[in-house]
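*Asks:* Pulled these features from TrEMBL for this protein:
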DOMAIN    1-398  domain 'Major facilitator superfamily (MFS) profile'
TRANSMEM  7-26  transmembrane segment
TRANSMEM  50-72  transmembrane segment
TRANSMEM  79-97  transmembrane segment
TRANSMEM  103-125  transmembrane segment
TRANSMEM  137-155  transmembrane segment
TRANSMEM  161-182  transmembrane segment
TRANSMEM  268-290  transmembrane segment
TRANSMEM  302-326  transmembrane segment
TRANSMEM  333-355  transmembrane segment
Amino acid sequence: MSIMYQIGCSVIVCYTSFAFGLMYVWPSTTVKNFSSSNTTLHRPMYETEIALFGSLSSIGALVSTLLTALLLDNLGRKYSCVLSSLAQVVSWTIVVVSNRVEAIFVATFISGMGGNCALIVPIFVSEFCQDSIRGTTTSGSMIAINLGILTSYLLGGCMKYNTMMYTCLLLSVAGMMMLLLLKESPLFLMKKGLEKDAAKVIAFYSRAKEDSIEVLQKINKIRMALNPDLEELHLLTPEEEKLNRNPQPLNKISKWAFFKKSRSTRRALLVVLTIYTAVVFQGTVVVQVYAKPLFEEAIPNISATLSSVLLAFISVVSNCVGAYLVDRVGRRALIIYSSVGAGVSCMILGSQISLHWGPHWINGVSIYLFSIMHMAGSETVPIVLVSEVFLPEVSDEA
């Protein structure tokens with residue numbers, strides 16, 4: 001029962017990523033409209049503005065990533081997610097009330113600021129889910145983003161411009177309201193010294209009583225994780241834990257001092273940065289943001305909207321497969337084999353575009369094969385690693 005409840009709460013948290021995905025690929029379905037003479041904007045976008053339009057969300061995400069540690073450490077996981085959802089609500093509101101090119105740029109940038117949900121959501125989910133489902137539920141963030149991308153492609157292809165705007169605004173507001181039903185992360189509350197509140201939160205997510213053995217054991221586990229020197233707490237029985245109402249204060253050091261002291265943390269940071277850099281340079285952002293124009297060039301004899309929707313659907317299915325495999329195949333093997341497969345797909349596509357050695361459908365197959373390989377491993381594993389490899393003392397900053 002508690003596992004199903006935690007999965008349900010994870011779905012609500014991951015909805016934040018879904019809302020981000022709606023605006024993330026919005027340029028793909030509107031770039032033709034915005035650059036035409038009959039545009040719904042007050043004037044057509046120029047070629048350089050079109051390029052900027054597709055890049056602003058990534059720029060916003062880069063800026064917000066630098067602030068993520070500050071938000072997590074001060075606002076907490078729940079309200080950091082709420083702030084990320086609010087960015088999507090504000091973005092769609094701007095798009096609804098204004099048709100100026102400058103307003104569209106501002107809205108896209110603000111939406112990108114909410115892109116730090118890709119970091120916040122896995123951390124939040126990993127801190128209230130049981131170990132047996134943590135890998136799968138943490139992967140839910142990327143699944144939700146791709147579901148948002150799929151929904152955006154569908155709405156852009158089936159709805160009029162204004163109808164899509166109001167629909168996406170409504171979906172974003174609904175996500176922000178659902179987040180208010182959840183409780184804060186127990187680990188964050190323990191960091192702030194709010195042990196009683198943390199016990200209530202653990203009871204909420206575990207569907208147990210506050211004074212139950214299960215809750216007391218989890219409190220003890222978090223306390224040990226925050227201060228590994230307190231090994232003697234591991235020997236306490238649940239009855240002794242109840243009597244231990246005034247534990248000794250933890251000896252805290254600065255985050256930077258801990259980083260310099262902990263060799264494992266430095267090694268984990270190097271590994272994660274290397275993996276993230278390699279994943280970003282695989283190029284999935286370009287494929288997703290400019291999917292429709294890309295398919296118009298690559299497969300001119302097939303509807304670009306249909307091709308884009310199929311790409312998003314394949315991405316969602318691949319993410320689900322990756323979420324299943326990450327706890328069964330292992331992180332290392334999954335990211336290695338998927339990256340090799342994505343690289344081979346890119347080589348086939350690049351040679352086909354340059355040499356034209358085959359029919360047009362090879363372009364489409366190569367793009368879809370790249371998406372399958374990338375989403376099943378390269379896109380999923382880094383999100384899981386970030387929530388697992390860092391110690392609680394520096395998890396926010398990392």
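Just so you know, glycine gets a Cβ as well, placed from its N, Cα and C.
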*Asks:* Are there three or more C-beta pairs under 8 angstroms joining the transmembrane segment (103-125) and the transmembrane segment (268-290), sequence spacing 6 or more?
*Replies:* no
*Asks:* Under an 8 Å Cβ to Cβ limit, what residues of the same chain, 6 or more beyond the ends of the transmembrane segment (103-125), are close to it?
*Replies:* 10, 13-14, 16-17, 19-20, 23-24, 26-27, 34, 41, 49, 52-53, 56-65, 67-68, 71-72, 77-78, 80-81, 83-88, 90-92, 94-95, 97, 134, 137-138, 140-142, 144-145, 185, 383-384, 386-387, 395-396
*Asks:* So which residues does the transmembrane segment (302-326) touch in its own chain, when a touch means Cβ under 8 Å and the partner is 6 or more beyond its ends?
*Replies:* 25, 28-29, 135-136, 139-140, 142-143, 146-147, 149-150, 152-154, 156-157, 287-288, 291-293, 295-296, 334, 338, 364, 367-368, 371-377, 379-381, 384
*Asks:* Restricting to the same chain and to residues at least six past its boundaries, which positions have a Cβ under 8 Å from a Cβ of the transmembrane segment (137-155)?
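*Replies:* For the transmembrane segment (137-155), the far contacts come to 6-7, 10-11, 14-26, 28-29, 117-118, 121-122, 125-126, 129, 164, 167-168, 171, 288, 291-292, 305, 308-309, 311-313, 315-316, 319-320, 322-323, 326, 375, 379-380, 383-384, 387.
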